[in-house]
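Only one structure is covered here, and it is reproduced in the block below.
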Amino acid sequence: MSYTRSLITGAILATGLTAISAVTASAAECIAPADPGGGWDFTCRTVGRLLTELGLEESTVQVTNMPGGVGAVAFANVAGKRASEGDLLVATSTVGVTQIAQGKYPGGVDVMRWVGMLGTDVGVITVPADSEYETIGDLLDALKADPTSVPVAGSSGAGGWDHIRLLMLADAAGMPGDDYKAIRWVQFDGGSPAVTQMLGGQVGAVSTDLGEIAGFVESGDIKILAALSDEPIPAFPDAPTAKDQGYDVTGYNWRGFYTGGDVSDEDYQAWVDELKSLFDTPEWKEAAEGNGLITVWRGGEEFEAYVADQAKQMEEISRSIGVIQ
Amino acid sequence: MDILTSLIGGFAVAVTPLNLALAVFGCFAGTLIGALPGLGPVNGVAILIPVAFAMKLEPGSALIMLSCIYYGCMYGGRISSIMLNIPGDEPAIMTTLDGYPMARKGQAAKALGISAVASFTGATLATLGLTFFAPLLAKAAIHFGPADYFALYVMAFATIGGVTGVNPFKTLLAAVLGLLLASVGLDPATGTARFTFGSYHLYDGFDPIVAIVGLFAVSEIIMYFESHATSGAGPAKLGRALPRLREVFEGFPAALRGSVIGFVCGVLPGAGASLGAFVSYSTEKQISDKKGTFGTGDPRGIAAPEAGNNAASGGALIPMLTLGVPGSGTTAVMLALLVSLNIQPGPLLFERQPDLVWGLIAALYLANLVLLLLNVPMVGIFTRLLSLPQWLLMPIVVMVSFIGIYSISHSSFDLFVMIGFGLLGYALRKFEISLVPVVLGLLLGADMENNLRRALSISGGDFGVLLQSPIALVIYGFTALMLLFSFGIAMRRRTAPLED
């Protein structure tokens with residue numbers, strides 16, 4: 001009797017395990033290589049929803065969360081198992097390319113086919129509204145005089161994109177490379193936590209993307225010392241760019257997609273065309289701007305070249321500031 | 001009264017037939033999702049976001065449905081803690097300590113009733129706090145820096161030795177094991193991989209839900225195989241199907257204390273519901289456990305952590321709405337939902353979209369009421385679970401958890417990790433080491449470390465920073481008092497063991 005029960009116990013367990021392997025994929029799928037709630041998840045869900053609503057996709061685009069290793073798990077999965085699946089998109093951004101450039105993914109940018117980018121967030125350096133620093137020059141001068149004087153926070157760890165953008169500014173200000181490590185960099189789980197900790201007086205400045213923290217700028221709690229864009233940001237035309245203040249640094253965080261390296265030219269081009277059609281709609285413009293993004297399109301071969309170039313550039317920066325050897 | 005007018009306006013938004021129906025559906029679905037181990041609020045809300053879009057709901061309605069699911073999960077998590085000794089979600093872990101022993105004693109209905117009332121108390125007090133003090137509390141929470149959060153975690157871990165009744169050294173050992181497991185993965189401060197053995201799957205460390213299901217449910221199955229279903233625990237006494245009204249209020253004072261502690265932990269974005277439930281339980285034990293009944297089925301040991309985790313979930317909405325800072329995985333998903341509805345939480349949300357915010361708050365009051373009304377009669381259904389034989393129940397539970405976890409991560413690796421944790425749980429049970437501190441270490445260890453690292457990054461490596469903040473000093477003082485107090489109790493018990 002007891003053996004029978006054990007047998008049944010095992011049988012039910014086995015049935016369950018088999019059932020899991022039978023989960024099938026639907027028509028089009030977007031992999032967000034992060035937990036629900038992050039920027040990549042937003043990219044997949046918004047683009048997926050709009051593609052269906054606007055009739056560019058017949059059925060619902062399935063969003064799959066595949067978190068792990070800042071996108072490395074999804075990258076490895078697609079490269080290894082799904083390299084030729086033509087109905088698959090993976091959300092990524094400058095952060096993903098930074099990881100690739102620093103050798104933190106299993107492979108380089110040439111492993112994937114880069115479909116296109118639909119918009120970009122802009123890096124900003126912010127301080128509390130009542131801070132003694134009025135310009136980015138004030139802050140950089142203080143850091144040059146004593147790198148330990150102002151703890152700076154962001155949403156990435158040391159060597160991540162938020163940190164690199166700050167160091168690019170320090171470089172442009174002529175700070176010697178040996179001093180980079182002395183700058184006190186504090187990592188928080190996102191731009192908003194970093195800003196609230198700055199408002200609580202824990203750190204002196206924050207380097208991160210504008211989108212997530214735009215509300216604090218509008219409410220007047222914090223001010224932008226420098227926008228890391230070529231042109232002033234449309235939503236905050238008064239915020240000065242770093243370029244205008246004599247520091248030739250830009251730091252975008254674009255949002256886009258890649259697909260497997262063995263996808264046919266036909267399927268690849270179909271994705272490029274479909275995303276371009278989406279990009280041209282007022283619905284995308286509204287969704288993107290609602291989230292603090294600037295709408296910029298780069299697709300197909302142009303985007304491939306852009307990503308390859310950016311990865312190379314990122315690798316050089318990472319090496320020059322000592323993030324990689 | 002400005003707030004009252006806004007709130008009445010909010011009720012006008014929330015109380016439409018469609019919204020009420022969505023609220024009832026959300027509460028019911030949430031309770032079920034919360035009750036299933038492996039499926040938690042994060043999965044529940046994430047799975048239903050596309051449903052909300054597919055139904056073309058107004059932003060307000062979508063938000064109402066999803067926040068009802070959120071609150072429902074918090075109510076539901078306790079059910080499998082009490083009935084199966086498997087926490088339904090992370091914050092429900094403390095409820096296993098006294099809930100399961102009560103169920104074994106044939107008091108399952110009473111335990112479910114008490115925890116439903118405690119959940120209601122905690123969530124309602126937190127919603128009141130959200131209604132009247134949200135902006136104020138958000139301003140106060142800003143002043144909690146990394147050093148202060150670290151002090152909070154030190155306080156929590158200082159009391160861990162007394163949390164489970166058994167040998168405190170084994171408890172400490174288990175907690176240290178949990179802390180070690182928490183160090184696996186990418187170090188967030190530097191991006192360096194630790195103990196990952198080159199596997200990308202380990203970069204994000206161990207998912208606490210995977211660990212919980214493995215440790216509690218899978219190990220239970222292994223134990224069952226070993227005993228060949230001959231000995232084992234056997235079916236629990238069924239007891240009454242419905243609790244008596246008087247019994248349900250037995251833990252009420254404990255629930256009130258738990259609510260306050262949980263709410264504070266919820267409002268602090270670096271703390272959260274798991275810490276809230278943990279501190280509520282350990283504080284309640286310090287205050288009330290004069291006869292050593294905690295851990296053997298004391299109603300107060302259920303009321304305090306359940307009130308604590310529900311109050312924390314309500315409190316966590318404050319930093320989420322007013323600062324855009326999610327205090328937990330679930331609030332992070334809610335935040336994502338708001339963002340995908342083109343609503344940007346942050347300092348201006350209350351001014352810009354008052355209809356939406358007050359509609360949401362009104363919906364939370366409704367959700368609580370619906371959940372209480374739904375949960376008390378549902379107790380009867382859940383108590384019948386106990387009449388199912390273990391050899392049928394446990395594999396089904398594990399199967400559902402496997403599917404739940406796979407449906408979120410799409411990674412068979414997680415399933416192997418879960419089985420690994422099952423083996424670990426089996427070994428720990430053999431050594432009679434409690435599993436709860438292992439999970440607490442894993443759940444809270446990473447946050448504790450991150451805050452220590454942040455404090456040290458700010459100070460440039462000077463440990464003195466930990467003692468420079470007045471808030472941290474107060475917390476350390478409180479910790480010392482609590483330790484002295486429990487030391488005193490232990491001494492008294494030793495000198496006069498027959499007094500009670």
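For all residues, glycine too, the Cβ spot is worked out from N, Cα and C.
Not measured: the values here are computed from a predicted model.
The domain 'DUF112' annotation in TrEMBL covers B:20-440.
Taken from TrEMBL, the feature transmembrane segment applies to B:33-55 (among others).
The feature transmembrane segment is assigned by TrEMBL to B:111-137 (among others).
What TrEMBL lists as transmembrane segment is B:149-166 (among others).
Summarising the annotation, TrEMBL assigns transmembrane segment to B:172-193 (among others). Same-chain neighbours of the transmembrane segment (B:172-193): 157, 160-161, 202-206, 211, 428, 433-446, 448-450, 453-454, 457, counting only residues six or more beyond its ends whose CB sits under 8 Å from a CB of the stretch.
Sequence annotations record features per position, and here TrEMBL assigns transmembrane segment to B:205-225 (among others).
Non-local neighbours of the transmembrane segment (B:260-281) in the same chain are 74, 90-95, 97, 122, 125-126, 129, 137-138, 140-141, 144, 146, 149, 152-153, 155-156, 159, 163, 301, 304-319, 323, 325-328, 440, 443-444, 447, 451; each lies 6+ residues outside the stretch with a CB under 8 Å from one of its CB atoms. Look at TrEMBL and you will find B:260-281 (among others) tagged as transmembrane segment.
Sequence-remote contacts of a segment are chain residues at least 6 beyond its ends whose Cβ falls under 8 Å from one of its Cβ atoms, and for the transmembrane segment (B:323-344) they are 40-42, 45-46, 49, 52, 59, 62-63, 66-67, 70, 73, 138, 141-142, 266-273, 313, 315-317, 353, 356. Annotation comment: TrEMBL describes B:323-344 (among others) as transmembrane segment.
The annotation transmembrane segment is assigned in TrEMBL to B:356-379 (among others). Outside the transmembrane segment (B:356-379) by six or more residues, the chain places 6-7, 9-11, 13-15, 19-20, 23-24, 26-28, 31, 59-60, 63-64, 67-68, 71-72, 75, 109, 112-113, 116-117, 119-120, 123-124, 127, 130-131, 241-243, 248, 314, 317, 321, 343, 349-350 with a CB less than 8 A from a CB of the stretch.
The transmembrane segment annotation in TrEMBL covers B:391-409 (among others).
Here the transmembrane segment (B:415-444) has long-range neighbours at 87, 90, 93-94, 96-97, 153, 156-157, 160, 163-164, 166-167, 170-182, 206-208, 210-219, 221-223, 274-275, 278, 401-402, 405-406, meaning same-chain residues at least 6 beyond its ends whose C-beta is under 8 angstroms from one of its own. As annotated by TrEMBL, transmembrane segment applies to B:415-444 (among others).
Summarising the annotation, TrEMBL assigns transmembrane segment to B:465-490 (among others).
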PLDDT averaged over the residues of the domain 'DUF112' (B:20-440): 85
Close approaches to the transmembrane segment (B:391-409) from elsewhere in its chain (Cβ under 8 angstroms; 6 or more beyond its ends): 36-39, 42-43, 46-47, 80, 84, 86, 207, 209-210, 213, 217-218, 220-221, 224, 229, 385, 415, 418
Selection from B:33-55, B:111-137, B:149-166, B:205-225, the stretch that has most Cβ pairs under 8 A to the transmembrane segment (B:465-490): B:149-166
